Each structure stands twice: as C-alpha cells, then as structure tokens.
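Here's the structure, in structure tokens; my notes come after.
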Amino acid sequence: MPTIIVTTRDGEELSLEADTGLSLMEVIRDGGADELLALCGGCCSCATCHVKVDPAFLAALPPMSEDESDLLDSSDHRDATSRLSCQITVDDGLAGLRVAIAPED
C-alpha cells in the first residue's frame, strides 16, 4: 500500500495510504481533501481534479491523453507538472508520490 503525500491549497500536508488500483483522485478525496472537487466523478470531463505532480515522479506516470491535455488547457494554472488526478492509477511504483492540489480556476 503506497503512501501518497498531498499538499492542500492552504499548505497542509496529508500523508495518505493508497490502495493500488484506485485513481489518485479517489485516494485524495477519500483521504479528506474536500477541496479536490472532481465534479465529473473521474470521467475526464471537468478538470476539477487538477494537481501539480512533483517533477521527480512525472516519468513514472502514464502518458497524458489528448482529452486530458485539452481539459488542462482550460486552466489558468496549467504548467509542465499539471495532471488530472482522475487519470492516474495508483500502483506500487508511485510510493512516495508528492502532489499539490492546483489553485481553483
């Protein structure tokens, strides 16, 4: 069960034990970070689960789909570390992953 470190918008750091196979979005919401809205429920159609991934982990993530990229284009806060947490499936290779919840658009 990998541990994921999440920084909330107010700077609080949460250490979350993650079940493999869940999306990062599910782990963050189940861990109590209510500010991650995920309005579409993880269907890659809203971009309200936007996170910034620690650059050290970017190569460990699956490639970004065109749909994910298009949705992130709508954010004023997109940068090279931006991902939608609903599109990242947690596995043991992500142990220690650090993400920050992106500012709300």
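The backbone N, Cα and C atoms fix where each Cβ goes, glycine too.
Database features, via Swiss-Prot:
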BINDING   Cys40, Cys46, Cys49, Cys86  [2Fe-2S] cluster binding site
DOMAIN    2-105  domain '2Fe-2S ferredoxin-type'
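Overlay of Swiss-Prot annotations on the structure.
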{"residue": "Cys40", "record": "[2Fe-2S] cluster binding site", "DSSP class": "coil"}
{"residue": "Cys46", "record": "[2Fe-2S] cluster binding site", "DSSP class": "coil"}
{"residue": "Cys86", "record": "[2Fe-2S] cluster binding site", "DSSP class": "helix"}
Shell list ([2Fe-2S] cluster; ref centroid = CB of Cys40, Cys46, Cys49, Cys86; cutoff 8 A): Met25, Leu37, Ala38, Leu39, Gly41, Gly42, Cys43, Cys44, Ser45, Ala47, Thr48, Leu84, Ser85
Distant-in-sequence Cβ neighbours of Cys46 ([2Fe-2S] cluster binding site), under 8 Å, six or more positions away: Leu37, Ala38, Leu39, Cys40, Leu71
Least surrounded among the binding-site residues, given as Cys40, Cys49, Cys86, when other CB atoms within 10 Å are counted: Cys40
For the domain '2Fe-2S ferredoxin-type' (2-105), residues assigned helix / strand / coil by DSSP: 26 helix, 23 strand, 55 coil
